[in-house]
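S.K.: Have a look at this one.
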Amino acid sequence: MEVLLGVKIGCLLALLVLTLGCGLTPIYVKWFQMDAATGHHHRVLSLLGCTSAGVFLGAGLMHMTAEALEGIESEIQKFVEQNSTGSKGNSSRDAASSYVEYPYGELVISLGFFFVFLLESLALQCCHGAAGGSTVQEEEWGGTHAFGFHKHPAVPSPSRGPLRALVLLLSLSFHSVFEGLAVGLQATVAATIQLCVAVLAHKGLVVFSVGLRLGKIGTGPRWATFCILSLALMSPVGLALGLTVAGGASGQTQGLAQAVLEGIAAGTFLYVTFLEILPRELACPEAPLAKYSCVAAGFAFMALIALWA
């Protein structure tokens, strides 16, 4: 038991140190700063940004969405089994079967997606309502013609950047807490180390991409450092929570609430990935095949990590 506790404390420190290192590197190392880059250096950073977009895509689909769907399905199955115990007749079994087959996980993820959509729409309405509708329309459609065949496709509005960055950090924070919680709840040393290594690889890639993203949208060093520090603390906090409840039985309501929160976080993450990160990285038509390869490589990294996560 003492060995297991020591391993988990070591994992906690490793998560904190690695996350801080990976997140702060693209913020404070001048080589990663897009504003000062020219020529070949600028192209390399652009392709690196596409790779980070693939990492976000893989994290959203292969990790956050997959884990949310699995968790919600498992909790719904437990709920149906507990409520159908002792029931008689085929009608009750058929009703329970149809109850389980409903796509609750997809519904929760979609609710997270539409929640951020609504939040952003309200923010834009408040910001641009006094200026009239023409300003917003020109901002959104001024850079494109006839289904995007103009040479300068539209990119996401800069006014949306801070809000979407905040949504990205919040969704990642939720997910990081649950990742740390999973490590803290492991019952053996081998399982703890295996899961921690997978989380370290996943977290390192994602947080590096977050640091790169914060630098590209012009976030100040102090605010970017605060964001990375907050994100770095989430997995250790989750692991510490797992240590406190490891050995105690978790209630059904607690498990369902965790699964629902993971689903909402996955939906918000997918919204930011598809409507902010990918469009911004692919807006420039330069070297489209190279950008595709980098996005695919980033996704492949996360898909490979999913074998052990």
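For all residues, glycine too, the Cβ spot is worked out from N, Cα and C.
In case it helps, Swiss-Prot gives these features for our protein:
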TOPO_DOM  1-8  topological domain 'Extracellular'
TRANSMEM  9-29  transmembrane segment
TOPO_DOM  30-43  topological domain 'Cytoplasmic'
TRANSMEM  44-64  transmembrane segment
SITE      His63  site 'Critical for the pH sensitivity'
TOPO_DOM  65-103  topological domain 'Extracellular'
TRANSMEM  104-124  transmembrane segment
TOPO_DOM  125-164  topological domain 'Cytoplasmic'
TRANSMEM  165-185  transmembrane segment
BINDING   His175, Glu179, His202, Glu276  Zn(2+) binding site
TOPO_DOM  186-191  topological domain 'Extracellular'
TRANSMEM  192-212  transmembrane segment
TOPO_DOM  213-225  topological domain 'Cytoplasmic'
TRANSMEM  226-246  transmembrane segment
TOPO_DOM  247-258  topological domain 'Extracellular'
TRANSMEM  259-279  transmembrane segment
TOPO_DOM  280-288  topological domain 'Cytoplasmic'
TRANSMEM  289-309  transmembrane segment
S.K.: Given the model, what does the mean pLDDT over the topological domain 'Extracellular' (247-258) come out as?
M.R.: 64
S.K.: Within 10 Å of the Cβ of His63 (site 'Critical for the pH sensitivity'), how many other Cβ atoms can you find? Include all protein chains, please.
M.R.: 23
S.K.: For His63 (site 'Critical for the pH sensitivity'), what is the secondary structure by DSSP, using just helix, strand and coil?
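M.R.: Going by the DSSP assignment, His63 (site 'Critical for the pH sensitivity') falls within a helical segment, counted as helix.
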S.K.: Under the DSSP assignment, what numbers of helix, strand and coil residues are found in the topological domain 'Extracellular' (1-8)?
M.R.: 7 helix, 0 strand, 1 coil
S.K.: Output the one of Glu179, Glu276 that, of all these binding-site residues, has the highest number of other Cβ atoms within 10 Å of its Cβ.
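M.R.: Of the binding-site residues Glu179, Glu276, the most buried by Cβ count within 10 Å is Glu179.
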S.K.: Using the structure shown, find which entry in His175, His202 (the binding-site residues) has the sparsest Cβ neighbourhood within 10 Å.
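M.R.: Relative to the other binding-site residues in His175, His202, His202 has the fewest Cβ atoms within 10 Å.
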S.K.: Round to a whole number and give the Cα-to-Cα distance in Å for the pair His175 (Zn(2+) binding site) and His63 (site 'Critical for the pH sensitivity').
M.R.: 9
